[in-house]
Structure formats: C-alpha cells, structure tokens
Amino acid sequence: MTDLPDSTRWQLWIVAFGFFMQSLDTTIVNTALPSMAQSLGESPLHMHMVIVSYVLTVAVMLPASGWLADKVGVRNIFFTAIVLFTLGSLFCALSGTLNELLLARALQGVGGAMMVPVGRLTVMKIVPREQYMAAMTFVTLPGQVGPLLGPALGGLLVEYASWHWIFLINIPVGIIGAIATLMLMPNYTMQTRRFDLSGFLLLAVGMAVLTLALDGSKGTGLSPLAIAGLVAVGVVALVLYLLHARNNNRALFSLKLFRTRTFSLGLAGSFAGRIGSGMLPFMTPVFLQIGLGFSPFHAGLMMIPMVLGSMGMKRIVVQVVNRFGYRRVLVATTLGLSLVTLLFMTTALLGWYYVLPFVLFLQGMVNSTRFSSMNTLTLKDLPDNLASSGNSLLSMIMQLSMSIGVTIAGLLLGLFGSQHISVDSGTTQTVFMYTWLSMAFIIALPAFIFARVPNDTHQNVAISRRKRSAQ
C-alpha cells in the first residue's frame with residue numbers, strides 16, 4: 001500500500017481506529033461486571049444484560065447500516081457512529097442504576113453497529129480493487145488487538161481506578177476520531193433502492209422480544225404470562241417477516257438464500273454454535289472473580305492466552321479444512337470445544353491454576369478453527385447476486401446468537417444460584433459447576449447440524465461465488 005496517496009492512508013487509519021474502538025469495547029466490559037454489580041447494588045446474576053443490550057442492538061441495527069451509508073454518505077454515517085459510540089460511553093460512565101447503564105449500552109450499540117460495516121464499505125470505495133485485501137488486512141489488525149488488550153485493560157482500570165474508566169477512556173479517543181473523520185474522509189454516496197422498513201421492523205421486534213423472553217421471569221421481573229406474551233409476539237413477528245419476504249425482491253434478506261444447502265446448514269450451525277461459544281467470554285472472567293476469587297486484573301490477564309490461541313490458529317485453519325474437510329473439522333471442533341470447557345471447569349475447581357492459561361490457549365485455538373470454518377462454509381457456494389445479502393445476514397446472526405448465548409448463561413446462573421452469590425458463599429462453586437456442565441452440553445449440540453455437511457475435502461476454502469443466477 002506504499003503507493004497509495006497520503007490522504008488515503010490517513011483514511012485507512014481512521015477506519016482502523018474505528019475497528020479498534022468497537023472490538024476493544026466488546027471485551028473490556030467483561031472483567032468489570034462484578035465490580036459494576038457491587039457499585040450499582042445489583043446481583044452479579046443480572047449483569048449479563050450489560051453485554052446483551054450492546055450486542056443485541058448491534059444485531060438489530062446491522063441490516064440498516066450499509067443502506068444508510070449509501071444513502072447519506074460514508075463520512076456522515078461513520079462520523080455519526082463515532083459520536084453515538086462516544087456519547088454512549090459518556091452516559092455509561094454517568095449511569096447510577098443498571099437500567100440507565102443498559103440504555104447507554106444500547107446507544108453505544110447503535111454506533112458500534114454502523115462503525116464496522118461502514119468502515120468496510122469505505123475501504124471498498126477509496127482503495128483500488130487489486131489492493132483491497134491488503135487494505136482490509138491493515139484496518140482489521142487493530143480489531144484483533146482490541147480483544148487481546150480488552151480484558152487485561154478492563155481489569156487494570158477496575159482494580160486501580162474504577163469501572164467508570166473503561167468507558168471514560170473512549171471519550172478523548174472518540175473526539176479525535178470524529179474530528180479526523182470530518183476533516184479527512186470523503187463522503188461517498190450511491191443510488192439506493194427503497195429500504196425494506198417493514199421487514200427491518202419485523203426482524204428487530206422478533207429478535208429483541210425473544211431475547212428478552214429468554215431472560216425469564218427472574219431476570220426481567222415479568223410474570224410468566226408476560227413472558228409467554230413476549231414469546232408469542234416474537235414468533236408472530238418472525239413468521240410475518242417470512243411471509244413478507246416470500247416472492248419480495250425488495251426484502252431485507254431474500255429467502256432465495258436458503259436454496260443453497262451449504263448456506264442453510266452453515267447459518268443454522270453458526271447460530272447454534274455461537275450461542276454456546278458466546279457464553280464463554282462472559283462466563284470465564286465472572287467465574288474467575290466470583291467463583292475463584294481472582295482480582296479483576298488477574299482475571300483479565302487469564303483471558304489473553306485464549307485470544308493468542310485464536311490469533312495463532314488463523315494462520316493454519318485453511319490447511320486444516322483443506323486436509324480434513326468441513327464436516328470432520330466442524331464436528332471435531334464443536335465436540336472438542338465442549339470437552340475443553342469441561343477441562344477448564346475441572347482444572348479450575350481442582351485449584352490447578354497454573355494449568356488454566358494452557359487450557360484457555362487450547363480453547364482459543366479450537367474456537368478460532370470452528371469460527372473460520374463456519375463462516376467460509378456458509379458463504380462459499382452463494383451466487384454473486386446473493387453474496388452481499390448472505391454476508392449481511394450471517395453478520396446479523398453472529399451478533400444475535402452471541403446475545404442469546406450470554407442471556408442463556410445468565411439464565412443458567414439464575415436457575416442454579418440464589419439471588420445473590422459471592423466468593424464467600426459456600427454454594428457458589430456448585431452453582432458455577434452446574435452452569436459449566438450445562439454450557440458444555442449446549443456447546444456440543446451443533447455437532448448434529450455439522451454432521452449433515454457434505455465432506456468435500458477438495459476446494460473447501462475457496463469461496464466459489466459461482467456465477468449462476470439465483471432461481
């Protein structure tokens with residue numbers, strides 16, 4: 001990229017900065033949840049909603065982000081995303097109750113939902129096609145560093161300052177990013193088709209109310225009848241979307257996508273698989289602090305091997321899938337992740353803390369292999385005219401399933417635990433043991449889906465966007 005103009009390189013730095021902010025925030029909060037609970041006078045069992053409110057908002061807003069960027073301009077939307085994310089961070093730091101914090105996290109989520117996809121779109125518009133891969137590698141590298149630094153930085157800030165600082169550090173960075181965006185980024189626009197507002201609202205309502213209903217009466221404070229009403233509303237909304245999208249060329253996501261078998265299997269497996277794996281980044285630091293008595297900083301440091309294992313495995317995952325095929329790799333990594341989850345629980349409860357970094361490193365390797373395999377399987381056989389829509393749907397499902405996973409983890413803690421648990425409680429480790437056993441079972445379930453994947457070991461990883469028209 002050395003032959004790119006200076007202005008373009010600065011624009012790539014701005015996009016990379018946005019990726020870093022968004023990825024850092026997805027992990028920096030996890031180690032602070034027990035301290036937040038104590039400060040806000042809440043049970044740690046309720047704090048999973050701090051993560052859910054952010055991730056679910058990202059899932060809901062993702063389908064609209066690309067259309068907004070084309071309609072209003074990439075600079076305007078990227079600037080708006082940074083401003084909303086920064087304001088959300090400020091309101092998070094000022095929150096005095098859990099409900100205030102959840103609303104502020106949702107505002108952060110609106111900004112986060114627009115930041116990454118609009119950043120990708122910006123790179124497509126400012127960089128020549130032949131340099132696109134190199135440019136995307138450059139801007140996504142900070143996004144890989146964010147999860148590495150997040151847990152330890154969050155623990156450090158909580159232990160030596162307060163949890164408010166995990167949000168306050170975003171403010172000066174966000175101000176600089178917003179000013180740089182206005183000064184340096186061009187405002188590309190494109191002619192857009194009419195936005196499928198009806199489909200967007202139906203999907204948003206369906207995803208939001210079903211996730212809320214999953215939290216149960218203990219988590220939401222709602223009666224069983226109200227929970228049943230939420231489930232009914234969510235199911236009706238999703239059924240109405242299916243009816244709306246049938247034979248509708250303007251639908252947010254065309255049902256023609258599901259005529260491709262690998263897409264259907266990959267999407268179903270990704271949804272189920274990320275529900276299980278989405279529990280781990282939330283449960284691990286909470287368990288280390290509340291269940292084992294680790295300090296926030298120590299718990300954050302323990303998460304680093306998992307990220308390192310994930311990053312290291314990305315270098316060889318292509319060769320692994322080419323050698324063994326999607327079915328074998330996905331079934332093996334799904335069952336393997338379940339076993340590693342049990343190994344982590346057993347090692348921790350036995351007090352073999354020196355072994356935990358190695359177990360978490362292994363967990364990161366297995367999880368990374370499964371993620372990469374799920375993503376390429378889902379998209380590899382889509383025709384060109386459905387590839388963009390399929391990628392957007394996969395991105396939405398990834399965020400939705402992670403929010404559901406965290407919700408279920410919180411629900412399990414609530415089912416097995418009392419209203420308040422602490423390190424001094426004699427039943428705390430038993431509560432976590434039952435929760436981890438349940439998680440291991442849930443993580444293993446998608447193996448039944450992946451067992452139906454054709455085991456084509458040739459040309460597995462090349463995303464063959466066959467130039468056939470969708471029928």
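The backbone N, Cα and C atoms fix where each Cβ goes, glycine too.
Going by Swiss-Prot, the topological domain containing Trp10 carries a different name from the one containing Val453, and the two residues are therefore on opposite sides of the membrane.
In terms of C-beta pairs under 8 Å, the stretch of 77-97, 263-283, 286-306, 396-416, 431-451 lying closest in packing to the transmembrane segment (197-217) is 396-416. If one looks beyond the topological domain 'Periplasmic' (246-262) by at least 6 residues along the same chain, the residues whose Cβ comes under 8 Å of a Cβ in the stretch are 63, 193-194, 196, 199-200, 203, 377-378, 380-383, 386, 389-390, 392-393, 453-454, 470-471. Scored by C-beta pairs under 8 angstroms, the transmembrane segment (263-283) has its highest count with 396-416, from the stretches 225-245, 342-362, 396-416.
It is 165-185 that, among the stretches 49-69, 138-158, 165-185, 286-306, forms the most Cβ pairs under 8 Å with the transmembrane segment (77-97). Here the transmembrane segment (12-32) sits against the transmembrane segment (138-158); at least 3 CB pairs are under 8 Å, leaving out pairs fewer than 6 apart in sequence. Note on the topological domain 'Cytoplasmic' (33-48): residues 95-98, 101, 158, 162-163, 219, 282, 285-286, 289-290, 296, 406-407, 409-410, 413-414, 417, 419-421 of its chain, located 6 or more positions outside it, place their CB under 8 angstroms from a CB of the stretch.
Ranked by the number of CB pairs under 8 Å to the transmembrane segment (286-306), the listed stretches 49-69, 138-158, 165-185 are led by 138-158.
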